[in-house]
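Quick notes on the structure that follows.
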């Protein structure tokens, strides 16, 4: 049996061999001295040799028993009768049974190679703390203002000598029921749109494009039929939007097929998570309660200074609050679906929902301020690009706007929510990293021409138009002077509540694009995006990307 220790220094083995040879030579000299001084020592030598053999047998047995007890992580190689058994010793055992080799004499010191930092999927830090603090301060102020205005409204109703009492009673009688009805109708429509889009994606893409056109056109015509200056102005706005919507539906008709394929594929993981819609239920319930208090505050604002400015401030606060609710649902769904794509994990929806409400809430607040503005500027940039070349002033304005858009898209875009939810990044860094992934995979033409954000927007407009038709007809029957005001309120409520529910399909599509850009070889993805990219590069597919600054203007 042989025991060979790997990793031992050659110089150390040579020195050990020399020491053993010296010891043997000294023992032989001492033996010769004993023979000369004491005479014949044959019996003693025989007994010593037998004891030496017995000692060697016990030592070999001790080494074999120790080697058999070595754990599997030992780097000792045991060679027994030509067979090899490889094991790896722990540091404590190797230091116990191996001599410590001397350090090499002239070995250069190696510099450790820096390892790239691994992005964790369970970041515990809060993102965008300043935006979170700003939103919380705003929310505390909004709650205090709403409570104060409700108190002023109740005070005005109790005080019989107050001249605003009759006005408040009229508002409560002819405005509050319609607004509450619009809220309930919008929630019903929101889940109807979401369910239909998940069940029949191909039909619903076409249906949403053209249903929004007809509903907004019908709402505009209905308001004009009341023949009031206020309703005429609102009706003209609806008709103008309907015309633009019809042109857009014709413009994107060639992209509907690809949009349907991506939507169908991205919604496949939803069936694996039965409770994925619960965050939307909670947010819509909270939104309904807040809007009920909000409309009471609007009534109380009529009994306060500068009612118009107060109502505008309340409206802006409502828009920011509902947008944050929508992005909380977006972050929750994005984390569940992204972890499924990236790691094959089935995450707990409630845990992801709590994470979105705490650690990632700051990014939701910051994105809620900037992403709607970015989307509006994106539409303006496309419109200005159509006017390019007809007028020198408009030509320069178009490229100036496109230059601003190029910077904004890099530092803030709606695709960032996927990496915010998955990796806990801040909004700006997630936007940069996400866009870098798209550039690496050359996916900018595809994500620029994505229709899902437009489909969700048009769904909200369609629900708002339906609410306008119902509420306007109701109000014109009971109290026609309130028709224009209640129509605008019903439209905003229907739009905002529907966008909260439509955050689920929007988040699924965003995860599909972003996770594909991060790992295109993932077996969960098919060849839809890859084939689309090949068609675009070959010039056989038509895309209408977001206009960008030509290279000659960026030099």
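Cβ coordinates come from backbone N, Cα and C, glycine included.
The transmembrane segment annotation in TrEMBL falls on one of the ranges 284-304, 305-325, 326-346, 347-367, namely 305-325. Within the chain carrying the transmembrane segment (452-474), a Cβ under 8 angstroms from the stretch's Cβ atoms is held by residues 178-179, 181-182, 185-186, 189-190, 193, 197, 205, 208-209, 211-212, 215-216, 218-219, 222-223, 226, 231, 238, 241, 245, 248, 252, 259, 262-263, 375, 414, 483, 486-487, 490-499, 502-503, 505-506, 509-510, all 6 or more beyond its ends. Only residues 6 or more beyond the boundaries of the transmembrane segment (305-325), in the same chain, are considered here, and those with a CB under 8 A from a CB of the stretch are 135, 138-139, 142, 145-146, 149, 283, 286-287, 290-291, 294, 297-298, 361, 364-365, 368-369, 372, 492, 496-497, 499-500. Distant neighbours of the transmembrane segment (233-251): 209-210, 212-214, 216-217, 219-224, 454, 458, 461, 465, 468, 484, 487-488, 544; these residues of the same chain sit at least 6 beyond its ends, with a Cβ under 8 Å from one of its Cβ atoms. Counting only same-chain residues 6+ beyond the ends of the transmembrane segment (480-497), those with a CB under 8 A from a CB of the stretch are 171, 174-175, 178-179, 182-183, 185-187, 189-190, 219, 223, 226, 228, 230-231, 233-234, 284, 287-288, 291, 295, 315, 318-319, 322-323, 460-461, 463-468, 470-472.
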